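The following features are taken from TrEMBL:
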type    : residues                                                      : note
BINDING : A:101, A:144, A:181, A:182, A:183, A:184, A:189, A:267, A:268 : ATP binding site
DOMAIN  : A:105-297                                                     : domain 'ATP-grasp'
């Protein structure tokens, strides 16, 4: 059976290996160190760096495809691999839209897709451009690093013009190019996950609602509650069209805003398994990790139907101070209280706000969405902090 | 997080590793060679033999528990490990009932559980005992190796007394002790899977129907269609009682006959994840591999409810002559035809009748059991032989 190589040894690669096992395969990973989440669980590990061409060549050797658990590989190295005959998926021409927000914004605008007004802040006129854009949008502006931002890093919400100029000045000094976007008056955030194979088959999962805290995904509700059929179809159509026109291979998350006036606005693209797709591991017929493999292997895609009326995913984050109770013991108490909780742990050290696992709660028929969400969030909070949000005493002491 | 060690590197260990990944762990396996199914997918492999005490010690070192993917470890070695402080689960005193059919039969009889009439065929009077037993049961007798039989090996259905005596003579010459059992006039075969933790918690899955071909499990229908509530509860009660009274830790399959007159008769015990539990990977809230880990870790057990009205598992067996079409290409065509099929491949060489994978089809609400079974069997037959049983042309040629 074929071998797929994944650049990056994080939790996305770890869970992709889990899916590879069922397909009679194993995942090869390029990991920075032997204790990364994926390197701990697959024997096929190449230790090296994602920005070293020789390391990339080593992990690609003999693999039918090279794919990614992050968007950090420099574009020139990807082109070099392709020139040497490596099957890089998604291809660099597609991946650039998930790496470079300026390229993405321009392309989506040209396609006539709903994006906020934006402007690149580069060159000697950058500050003048920012001042003008800021005035034009009554200060409702967000600044973003064009490359490299994720999970709230590389995104700034300036309080006023002075603050905005200060962010720009710092980033010019750091050599981090920025763009400015108009802030969207949003009702909530959505994600439309799609997969596409080289053959051209596309498949979308139900559109989900994502809840962000401190700039990163905290909770996902699948499918998005009370989303109109019209907006759901619109979001899925955007995802399928983008996957096709950009030439994506693998899974892609299209992160969207549902605006207060009932429209969609595209926020970000991610061309890899994505936090907003973790619910699918337990809540869909085919999970995103298997689907990503199927796509890069050019297998026919799997059925993306939801298996329940509602599934809620909540991230387990490292607490501000790691609890004294071990993760093992926390797991014990969670299982005692919620025998149906689906726990996914990444074997990562606990640092504040770091994603170290997630919990899926799959609702039973007729379950109330809010109740399922409450259980998922309670479970994740417990696993983070060893504190039950409702005061439950896990030892039943009086 | 704790490390569990499993003796044996087969598909059961492979799928247990998949489950371990979600729990933030990885499975350590004792494998005979580096190309065994589990050794291919976990980095924590000890190469060695399950009947070498030093190898057993090496795999046990630092693990919180040692458990099994087969019942082949000699009892004296397990007792030696226990004497050295190793946490062997299930304990040898329980495991013996899955290793030695004579011990099992006697114990179950003493417990008053429904078992067929049986007799040990040992000592100088073995042939006389067999002749007597054969006459008493009008020739409706089955002969079984007391130790080491599985998947149809070590079981004989003699046509007549001469045949039975010939089997006995051969086995005496081989040094393989036998017992004789009365054949049960059965309607069908069932399996009641149960898990038990050291804490004493027990949990049963829905009782399933198993379909055997050539002495090994071919198809499992979960839950068993048209099984009366009374028999289902009886089977589950037997499984829970056995798990408790034998001191089982981990999962156990209680293989049963449903007799033509509507009773149960216990056939075999297996104290490990079992073929009759593979459906649970996709069809139950908690699958048997995660449950086995939860039990040996003394975690609270997971919810065993079925997630669908019907799930059917069909084994993929090596064909009489391996098809020219590669497994990779067969997988491709299966996915094209059945996007909802859940495929589990073991990365084993294809030899006739060898279990090399399985397919689960999870029915949608209202699906007909026979139709779901037909799809599962068709999928598995295709994966075995590259032939569709209904003449489907995968390339759509006219």
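Placed from the backbone N, Cα and C atoms, the Cβ positions cover glycine too.
As a whole number, the greatest separation of Cα atoms within the ATP-binding residue list A:101, A:144, A:181, A:182, A:183, A:184, A:189, A:267, A:268 is 18 Å. In the predicted model, the domain 'ATP-grasp' (A:105-297) has a mean pLDDT of 95.
The sparsest Cβ neighbourhood within 10 Å, among the listed binding-site residues (A:101, A:183), is found at A:183. Counting neighbouring Cβ atoms within 10 Å of each of the binding-site residues (A:181, A:189, A:268), the lowest count belongs to A:268. When secondary structure is read from DSSP and collapsed to three states, residue A:101 (ATP binding site) falls in the helix class.
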